[in-house]
Amino acid sequence: MNTPALLVLADGSVFHGTSIGYEGSASGEVVFNTSMTGYQEILTDPSYCKQIVTLTYPHIGNTGTNAEDEESRSVYAAGLIIRDLPLLHSNFRASESLHDYLVRNETVAIADIDTRRLTMLLREKGAQGGAILTGADATVEKAQELIAAFGSMVGKDLAKEVSCTETYEWTEGEWELGKGFVTPDKQPYHVVAYDFGVKTNILRMLASRGCRLTVVPAQTSAEDVLALNPDGVFLSNGPGDPEPCTYGIEAVQKLMESGKPIFGICLGHQLISLAIGAKTLKMRFSHHGANHPVQDLDSGKVVITSQNHGFAVDADTLPANARITHKSLFDNTLQGIELTDKPVSCFQGHPEASPGPQDVGYLSDKFIGNMKAAKQA
């Protein structure tokens, strides 16, 4: 791994490093993630589509990779930036090194970068376009061409690009030491899950709570969903700008009229908000990490959450029937709402973590409670 690599940002900043992945080039929005672990889950999170991820923890790759920690069918991050790749990896579950994993998944990555300097730059100026090029012939001019071609995340409807193309069933539950992934004996609730870029661990979290899931493509109509006669509807995470997802917004509006319990996270939270007339905005400082403090306004408690989003809901545009339930303690941005006249709730972060804590797993329990109440009514 002696191939030189180049990282260039839209503001003209240039970083020289070493290629540790697939040889080639990658462009996208450069962001930073503060998670100490979970690099494989981050790489395979579809919400990172068209984004180059900087990991702030200095040593990445210590535990290798394995098939069980993948959150989707492939790597979706456009590229990876790290400080140091260890020469050796060690873990009882490891089957492949991070380097080999990146090469096999054709993912461009760069190491030997001053990630502290890069993170401070992104923290001061905000997320911006960037490009990684590998090889001795990589030039700043070529990188600038790639950055210009990428443009911005604003206006990009990426959910339909990462979504499944066919409906499928899911029953597999969460991982247990010594057992692997466990499927519960009883799953009394039928949930239709919209795949806007869904992570497998949120499906497992719901399955472990008694849900049999039918996962549908992002552009599935409300009529087709209701024809499946679900007990509830789940709206997944996903990448890109939520406003161009008009198909999702229209479907949510019709589903809310049906009275079915609905729960959304991440992009799903934003689509619910847009469906009730609120507005979203591009964040200058996006949230990416597994240590974000959020306050539950009902209980007053602080929960530590996993976050991954570059757009947020403008709290000032919420209608009267939307009650704010959670707010970020980093920047006071809106983190959760529920409707006062319908069994609809949503959260901006990731209850399933992967990586990160599961402090807000109780939100999934509340969704289960709404379905139980609806079935008993």
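Cβ coordinates come from backbone N, Cα and C, glycine included.
Copied over from Swiss-Prot:
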| type | residues | note |
| --- | --- | --- |
| REGION | 1-186 | region 'CPSase' |
| BINDING | Ser47, Gly238, Gly240, Leu267, Gln270, Asn308, Gly310, Phe311 | L-glutamine binding site |
| DOMAIN | 190-377 | domain 'Glutamine amidotransferase type-1' |
| ACT_SITE | Cys266 | active site, nucleophile |
| ACT_SITE | His350 | active site |
| ACT_SITE | Glu352 | active site |
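Annotated features, which come from Swiss-Prot, shown on the structure.
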{"residue": "Ser47", "record": "L-glutamine binding site", "CB count, 10 Å": "29"}
{"residue": "Gly238", "record": "L-glutamine binding site", "CB count, 10 Å": "33"}
{"residue": "Gly240", "record": "L-glutamine binding site", "CB count, 10 Å": "27"}
{"residue": "Leu267", "record": "L-glutamine binding site", "CB count, 10 Å": "32"}
{"residue": "Gln270", "record": "L-glutamine binding site", "CB count, 10 Å": "30"}
{"residue": "Asn308", "record": "L-glutamine binding site", "CB count, 10 Å": "28"}
{"residue": "Gly310", "record": "L-glutamine binding site", "CB count, 10 Å": "22"}
{"residue": "Phe311", "record": "L-glutamine binding site", "CB count, 10 Å": "19"}
{"residue": "His350", "record": "active site", "CB count, 10 Å": "27"}
{"residue": "Glu352", "record": "active site", "CB count, 10 Å": "25"}
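Sequence-distant contacts of Cys266 (active site, nucleophile), defined as residues of its own chain at least six apart whose C-beta falls under 8 angstroms from its C-beta, comprise Ser47, Ser236, Asn237, Gly238, Asn308, His309, Gln348, Gly349, His350. In this structure, Ser47 (L-glutamine binding site) is part of a helix by DSSP.
The L-glutamine site is set by Ser47, Gly238, Gly240, Leu267, Gln270, Asn308, Gly310, Phe311; from the centre of their CB atoms, other residues of the chain with a CB within 8 Å are Gly197, Asn237, Pro239, Asp241, Pro242, Cys266, His309. Under the three-state DSSP scheme, Gly240 (L-glutamine binding site) falls in the coil class. Once the Cα atoms of Ser47, Gly238, Gly240, Leu267, Gln270, Asn308, Gly310, Phe311, the listed binders of L-glutamine, are compared pairwise, the greatest separation found is 13 Å. A distance of 20 Å separates the Cα atom of Phe311 (L-glutamine binding site) from that of Glu352 (active site).
Annotation note: Leu267 (L-glutamine binding site) sits in a helical segment as assigned by DSSP.
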